[in-house]
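Trainee: Got a structure here, written out as structure tokens. Questions coming.
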Amino acid sequence: MTNIRKTHPLMKILNDAFIDLPTPSNISSWWNFGSLLGLCLIMQILTGLFLAMHYTPDTTTAFSSVAHICRDVNYGWFIRYLHANGASMFFICLYAHMGRGLYYGSYMFQETWNIGVLLLLTVMATAFVGYVLPWGQMSFWGATVITNLLSAIPYIGTTLVEWIWGGFSVDKATLTRFFAFHFILPFIITALAAVHLLFLHETGSNNPTGIPSNMDMIPFHPYYTIKDILGGLLLILTLLALTLFTPDLLGDPDNYTPANPLSTPPHIKPEWYFLFAYAILRSIPNKLGGVLALLLSILILIFIPMLQTSKQRSMMFRPFSQLLFWVLIADLLTLTWIGGQPVEHPYIIVGQLASILYFLLILVLMPTAGLIENKLLKW
């Protein structure tokens, strides 16, 4: 008799995705981040659900309801900080997952990669609308500044911004709709993640060498299930350490002041995971130009498969490309630092140089390195 997991319509899907899935025998811990992202998503949906039971999306009570969650609800402070720091862990895993894809050439699975870019945009949108909900100073002014960027669109910009606001400024209508978006988007992310996985399983996983591994596959269970459980435990350990020891380490103190439309904070800045894009936005002295650069800094990922010039898929055996990859990482860390600094000398010029280098590396230097390495193969 055949095992039920191989015949039952639902069990068969799970079996083919997590149990009998043929997996390359040599994938490293950099391949753990996909499952960690799934774990993050589940944790965020669960903690978010419990927060939504006590939160009120109204300008007069939103800030107080968050304070009420932290003070009066049983373990409310814990759920709230798990959710806030869970977002940071989500983005750490997301950036590591993308870095892995860039380094090992996983972007050559084009459908999987493009859905991944779409997932990134959706997660960024979710994090942005979520940051507005506590209705602190940085929530309010962050929402005002970022939504205002749409006014740079010629002709329809102002109308578009007022349509998103539901009025002439960020107000009650804005908060209510942002709560609605923040509630629905994670479920859209879940659906997209399922499609992401569907397309990945059409091709199978890539591996560090970038060479097809069809002749050397092992079953996903037990080898990678146990490896993913270890990764998950380390993720939960890190999240708990962050939440229980320094819950406000990554937050902004300004968000403990209730939103006040009449008082602008001295330094408006987003959460750390958006600072690199914010630095690129600020480094262009023209509003529309800045908005376009901001969009392009993320959308450039779509073009990466087309910019592949090397005959080798992975960077494992490509020293020049490796060097440029780590320069790109250093550049992104520099942009993250600059995004959190005030707009003054020398930060302005450093930000502008880092922004130019970011686009130069992806569009010019890395494809050129690929061509040079192709020549070196013939020596």
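Note that Cβ sites are derived from N, Cα and C of the backbone, with glycine treated the same way.
For reference, Swiss-Prot lists these features for the protein:
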TRANSMEM  33-53  transmembrane segment
TRANSMEM  77-98  transmembrane segment
BINDING   H83, H182  heme b b562 binding site
BINDING   H97, H196  heme b b566 binding site
TRANSMEM  113-133  transmembrane segment
TRANSMEM  178-198  transmembrane segment
BINDING   H201  ubiquinone binding site
TRANSMEM  226-246  transmembrane segment
TRANSMEM  288-308  transmembrane segment
TRANSMEM  320-340  transmembrane segment
TRANSMEM  347-367  transmembrane segment
Trainee: Counting distance between Cα atoms, which of the binding-site residues H97, H196, H201 is nearest H83 (heme b b562 binding site)?
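Mentor: Smallest Cα separation from H83 (heme b b562 binding site) among H97, H196, H201: H97.
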Trainee: Have a look at the binding-site residues (H83, H97, H182, H196, H201) and report the one with the fewest Cβ neighbours inside 10 Å.
Mentor: H201
Trainee: Which residues, given as numbers and ranges, are at least 6 beyond the ends of the transmembrane segment (347-367) yet have a Cβ under 8 Å from it?
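Mentor: Sequence-distant neighbours of the transmembrane segment (347-367): 279-280, 282-284, 293, 296-297, 300, 304, 307-309, 321, 324-325, 327-328, 331-332, 334-335, 338-339, 341.
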Trainee: Using only C-alpha positions, which one of H97, H196, H201 is spatially nearest H182 (heme b b562 binding site)? These are the binding-site residues in the record.
Mentor: H196
Trainee: Could you state the whole-number distance in Å separating the C-alpha atoms of H97 (heme b b566 binding site) and H201 (ubiquinone binding site)?
Mentor: 17
Trainee: For H97 (heme b b566 binding site), name the DSSP secondary structure in the helix/strand/coil scheme.
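Mentor: H97 (heme b b566 binding site) sits in a helix per DSSP.
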